[in-house]
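Scroll down for the structure; my scribbles are underneath it.
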Amino acid sequence: MARESRPLDATPRAATAEPISNFRRSLIQTPGSQRRLQGLSASGRKIAPPTATPHARAAFRTIDSRRAAIFTPHRARRKSVREARDSPRDLLLGLGKVLAKKTEPIVTSSSSPGDTPNNNRSDDDDSHETTLGPLHMSYDDDDEADLPKRPRLSLPIDREDESGSDDLVPHRSVLLENEDNYTMQSVEMPRRAYSEGPGGRLSMNSTRMSDFFNTNDMLHSEDFGRESGMFPPINVMEEEGTFTMADILSPERLESDTGRRDTGRESDFGIHVPVDLDDQTSFVIAPEVQSSPVRQPDDLDEPVYNDFALMEDQRSDSDDGAMDHGLDDFGDIGELPDMEDEDPDNAANETTTHVDIGNRTETEVLTHAQRAELRAAAAARKKRINISKHGIQYPSLPPAVVKRLAQNFAKTSGAKGKITPDAMNAIMQASEWFFEQLGEDLEAYSKHAGRNTINESDVITLMRRYVCFLLSYNLRFSSRQRQVNSLTTPFALASRHLPRELLQDLRMPPPVLSKKRRKAGEGAVPATAEEDESVT
Amino acid sequence: MPGQKLYPRATVKKIVKAHSNCSVSKNADVMIFLDYMLFMQNLVKEASIEAKKGGERGITARSVKKVTADSLAKFKG
């Protein structure tokens, strides 16, 4: 009703009397109310037609609000109140005010005739008779009369609101300053400010505690507990956690302290892995050193390899004769990977046997330790010369070849061709192990055949196991197509993998070998048939 | 690959000789290297699978180490 009486295009009266309320009303206008206004908005612009889509209506509304904001003359004055306007709380408050005027049942419910007037009357009859007088009268009148008058009667404030519903500006600002600040101050704002403030945690803790005890006495006791009691323990816990993490990450400490392992089984398990990994990455020799002494007893026992065993015995001999021959021998033998493990035994033997020498043995042991270190360092530094279990020196496969192979296979297997140096080291290690194993197996095959030479047939016999594995693997995919035989014979594999000149070498040998190869292929076929049956 | 040789035959021969303490016949090293290539293929394939399983980008030392024992066992005679 007030809106209808108000001029639509922003008049000075509306601006001066209630600038904010006017502005807000133009903002909050609902489509229905706009239609009532004969298609003219506050700025006199044509509003959305009733057939417009909701989006179009919304667009019109926003445009209208913008125009109203632009064309209303007292924008500058409103800027002074802009803070209040900007907060969404203010908008909500304004909305509430506007709605409160329209929706009267709310007002009536708040000051319902059944409860509050009676209570007021009963309570106030004793104490405040002066205020009760008008209340009592108005209540009697309104009980049977129209409803909208009741709010007036309940409180004088309500009456002011209704009468001066449009000039709410001062009232709202007051509200903002008082009530809103109260709610905003209530619990969280100051705490956040302290916690997010710069500076160390401990210092902030101390200041925070003092501040809290002084300022926020009104707050709950939980806050005190949280601030004072909980935070230091949390810090302690975090520190402990970091310590354990550091322990897990650093292998030295774990190795040194066995008492550390009382942290639990899982941590124990987790601990062991990185230690091994670190060892392998840092010392490539380590596994070799461990693997080789296992075989040495065989070598020493076997009379066939006495020549080579002598080479190894040189170590112990030279240990004895270190004084005689000087340290030059050690330089050569230093490259033997087996030395480190043998050192303690030899040293012990020496100390037991040559107790009479006394000082000499001690110096010897010392030199042993130093030499072992030097050896390890040298081996890590330069490309070391490997010695097989038979005591034969052999070169390692050039890393470039291995890398090229690995990259090619990595590309074909789907991964990127890039291989990290660490992975390259691991692959080199694996290939060394492979050749070791292959040599032993081939030796066993050739010896079994009564030969002293490794033939191609031996290699094929060795490969047949893997080829059979390949067959069983391929069966799942191509058993129906019968490609198995041609695909997985060693010769087919060779023709797939090897360059032509090497293939020629394979084909060139006399037919005896090819027969053998064919035999191998035929031998593989029945196996595939059996597996075919087993699979299918 | 085309210009350079695939692998040093003499080196492979020496390696096998040293490990087996046997002489290696004339062209057996080709088959040996073929076996080695199969091994490398298997190793790299398994390592890449392992790396993918572990969420790594390329083939890493960890994946290779994890797979080495397995593929060695596959190629045992």
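Just so you know, glycine gets a Cβ as well, placed from its N, Cα and C.
Note: TrEMBL annotation is automatic and uncurated.
Fair warning: this is a prediction, and the values are worked out from it, not measured in the lab.
Among the residue ranges A:72-93, A:314-335, the one that TrEMBL annotates as region 'Disordered' is A:314-335. Residue counts for the domain 'CENP-T/Histone H4 histone fold' (A:390-465) under DSSP, helix first, then strand, then coil, are 52 helix, 5 strand, 19 coil. Confidence across the domain 'CENP-T/Histone H4 histone fold' (A:390-465), taken as the mean pLDDT and rounded to a whole number, stands at 86.
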